[in-house]
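J.: Handing you a structure now.
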Amino acid sequence: MSRRRRPGGRDADQSRGAPQHRPSAGHGQRGSPAQRPSSRPQGRASGAAGLPGVPAHSPTTGPTSSPRAAPIVLATALVVAAGIVLRMWRIGSGLPDFLDEAIPWKTAFKMWVDERRVDWNPHFFNYPSLTIYLCLFLQKGAYALGHAFGHYGKAADLLMDYEMDPSPLVIAARTMGVLFDALTIAMAARIGERMTRWAGVTAAALVALSPTMIATSRAIYTDTYMTAFSVCALERLLAFRAEARASQLAAAAVLIGLAAGSKYPAALLVIPLAWVLIERRGWKGLLPWVLACAAAAGVFLITSPFVVLDFAKFTRDFSFESFHMSTGHLGSEGRGFRFQLLTLAGDIGWVGAALLIVSLGTTLRAPRRMSDRVALWLFVLAIGLAISLARVEAGRYLVPVVPVAAALAAAAGIDLARRYGAQRLGLATAGAVAVLVLPALPGGISAGARGSDDTQAQARRWCEAHLPDSVLVLREDYTANLFTRQRSANVQRTRGFRTATEARQQRLLARRVFDVADLPLIAAGASSMLLRDVEGQTRRVQVFDRPTDINQIFYDLRLLHGVDYVLTSGAARGRFEADPARFAVQQRFYRFLDGWAEHVASFSPGRDVSGPGVDIYRIGERARDQIVRAGALHALWWAEYVPVSFRQEYEEVAVDPAERSHGALVRQDGTIAPWIRGLSRFFDADVLQFSRLLSWELSHFDRFAAAEPLLDAIHRMHPEDVEACASFARCAAALDHWPEVEAATAATLAGVDREAAAQAELRYLRALALARLGKRAEAFRELEWVRAHAAAADLQAAAEAEARKLGPTRR
């Protein structure tokens with residue numbers, strides 16, 4: 001009587017008719033070592049070259065050479081090579097426009113202090129620190145290599161070269177990600193071959209062709225590194241399950257720590273770790289599990305030490321990221337299950353997705369016999385549940401699932417093919433491989449080829465070729481990556497610029513700059529505030545229903561006064577247009593551009609062109625007439641969009657009845673409403689930077705009428721800020737708005753230390769206003785103070801000249 005075959009076991013490829021003899025129980029018959037009972041649990045042992053699924057060996061004898069391993073090894077090598085080729089095909093995509101999010105890479109650059117010093121605290125804990133440190137080591141290695149060959153005399157030279165063209169360093173960083181992804185492909189092969197012969201090669205092919213993994217591997221995300229360490233950890237867990245070597249368990253624990261050090265969700269690997277230990281040792285496996293978890297935690301802390309050393313910042317960042325995952329962001333506020341399911345089907349095919357269900361069913365039916373698959377399923381389900389419940393739809397979150405899901409689907413497919421095609425096992429296996437892999441080929445090749453150009457790069461080239469010098473551009477995120485005047489000024493203030501070679505300084509100074517203000521895109525965050533009532537009790541009050549509602553503030557048509565061009569992106573516009581009722585202000589803004597502005601250029605993604613749609617509008621005379629009809633902007637324009645419900649609740653809770661404005665922007669005496677004063681932190685977080693940048697650019701073009709309300713907004717929210725007051729006063733003075741200058745400077749000077757040197761310019765501006773308003777004696781006193789206390793010689797001279805204009809004045 002023949003024994004029933006086990007998928008992937010030694011008997012899977014034996015002749016069906018070969019008689020199988022076993023010594024009967026109780027006869028004490030001695031046989032070969034293979035026939036002797038073993039005290040170890042029976043598991044699938046590794047084959048030649050460490051690839052399971054080929055003729056098995058005894059766990060105690062180590063791998064043995066076998067000609068049957070050669071096809072597996074060769075096929076795996078070819079698949080890994082193909083995966084690398086697909087990922088390297090467009091490795092320079094988008095460059096020299098560095099459009100990637102690349103948070104680890106950019107955070108690592110911020111850790112440079114100077115040529116010799118590094119701030120090892122990343123001051124960023126939305127992700128753990130391992131990937132950030134890997135990027136930092138790559139950056140430092142590139143500098144060391146360039147310094148050794150005389151290309152960089154100092155670190156500042158590298159930083160200036162990177163500012164001018166980041167391509168060489170970015171390609172190096174992307175290549176590092178590709179190499180980690182190649183490791184993932186190889187580990188997917190090992191995991192699959194541990195279950196069923198040729199399942200590993202099939203899984204590796206699916207991973208190599210996965211559009212999500214191709215795109216993620218060359219985008220400098222933490223997910224690529226977490227996935228590589230995770231599949232390595234799973235492979236070592238399966239090896240430990242089969243061979244029970246302490247070194248394998250130790251390696252798995254270390255790899256789990258490295259995976260968690262790359263991205264927090266990898267800590268879920270402790271679940272399959274628990275299964276493997278308990279399945280092998282029973283409840284006695286709990287102690288080794290605790291020790292292995294402790295070892296993994298130790299590795300995690302070694303790779304991310306400032307999680308403990310800067311625990312307060314870690315707590316804030318981790319809490320924000322958790323809040324983000326639970327609430328979603330603009331354009332992604334529903335549960336991610338459907339999105340991730342469709343993404344997974346796009347990566348392993350619908351056949352592969354269906355086979356996953358088959359794999360889950362067979363695993364649940366015989367968990368003891370398929371305990372290796374139970375371990376893999378525990379990882380897939382844990383990660384899958386986490387990303388499915390999250391309200392953020394990002395394909396890269398699925399990356400750690402793809403290689404394991406591919407291995408499970410491939411094993412299930414080949415097992416089915418061999419079960420129903422037992423008479424022709426080779427043909428059945430080949431058919432199963434073809435059914436799984438061939439549908440994935442077009443998507444993989446398309447993903448590899450994608451990125452020959454980018455819509456944002458096309459928009460940047462158009463702007464460089466067609467925009468005149470003296471124009472002000474207002475742009476949404478994900479549009480043209482222009483080198484702005486503000487960016488140039490910021491670089492020139494850095495130590496890196498000051499210490500770079502003169503040739504590099506001149507290269508940067510010769511670079512064309514654009515005058516640009518960016519429209520904020522608030523996609524996530526908090527939209528409430530803590531409020532202390534009149535009795536001293538603290539309560540949380542909702543300002544906006546959702547954080548995304550804040551965006552309407554920046555789409556007020558009156559903000560277009562003084563703007564020449566507007567750049568919009570489908571990445572922002574598409575999200576707003578998906579909910580026209582909620583984002584009515586944005587819809588009106590886009591309708592205005594389409595109906596009244598000149599649509600001068602448009603760039604759309606295509607077969608080989610990546611990126612969002614980008615549209616460029618010119619604000620011509622027709623559009624300007626409509627902007628004038630919309631009215632002038634005022635200093636409290638942003639507060640108009642704050643819901644009435646918040647205004648009422650704030651005043652009921654925290655404002656004395658006599659001081660309330662009853663929802664109005666100002667009280668009857670003309671002072672700002674208390675509820676607006678209460679929003680100072682909100683203003684600083686979401687409105688201040690935009691107002692400051694746009695007013696700075698408008699002032700650069702002497703468009704003071706458009707800049708004045710923006711500067712007035714900052715001054716009103718921060719009357720104690722000397723620089724904010726001075727900026728507003730200069731602008732108002734240019735417009736001969738002398739009463740406003742006198743009132744603003746008086747309010748700020750009342751709260752400034754009389755000996756503060758910073759007040760000299762304010763006193764000078766106040767003197768000008770007083771003189772123009774006919775208050776000559778007061779003006780003269782202010783000018784005398786400036787002449788006596790101003791540190792700048794030019795300000796002293798200006799005060800002297802103004803004093804002479806006033807003529808003799810009675811003291």
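Keep in mind that glycine also has a Cβ here, set from the backbone N, Cα and C atoms.
What TrEMBL records for this protein is below:
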type	residues	note
REGION	1-67	region 'Disordered'
COMPBIAS	58-67	compositional bias 'Polar residues'
TRANSMEM	69-89	transmembrane segment
TRANSMEM	169-189	transmembrane segment
DOMAIN	172-307	domain 'Glycosyltransferase RgtA/B/C/D-like'
TRANSMEM	201-221	transmembrane segment
TRANSMEM	249-277	transmembrane segment
TRANSMEM	289-309	transmembrane segment
TRANSMEM	339-362	transmembrane segment
TRANSMEM	374-391	transmembrane segment
TRANSMEM	397-418	transmembrane segment
TRANSMEM	425-445	transmembrane segment
J.: The transmembrane segment (69-89): which same-chain residues, six or more beyond its ends, come within Cβ distance under 8 Å?
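T.: For the transmembrane segment (69-89), the sequence-distant neighbours (Cβ-Cβ under 8 Å, at least 6 residues beyond its ends) are 47-49, 51, 53-54, 175, 178, 181-182, 185-186, 189, 193, 197-198, 200-201, 204-205, 207-209, 214, 217-218, 444-445, 447-449.
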J.: Quickly jot the same-chain residues contacting the transmembrane segment (339-362) by Cβ under 8 Å, restricted to those at least six beyond its ends, or write none.
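T.: For the transmembrane segment (339-362), the sequence-distant neighbours (Cβ-Cβ under 8 Å, at least 6 residues beyond its ends) are 206, 210-213, 370, 373, 377, 384, 387-388, 393, 395, 397-398, 401-402, 405-406, 408-413, 415-416, 435-436, 439-440, 443.
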J.: Can you work out the mean pLDDT of the predicted model over the domain 'Glycosyltransferase RgtA/B/C/D-like' (172-307)?
T.: 96
J.: Kindly report the helix/strand/coil residue split of the domain 'Glycosyltransferase RgtA/B/C/D-like' (172-307) according to DSSP, in that order.
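T.: DSSP composition of the domain 'Glycosyltransferase RgtA/B/C/D-like' (172-307): 122 helix, 0 strand, 14 coil.
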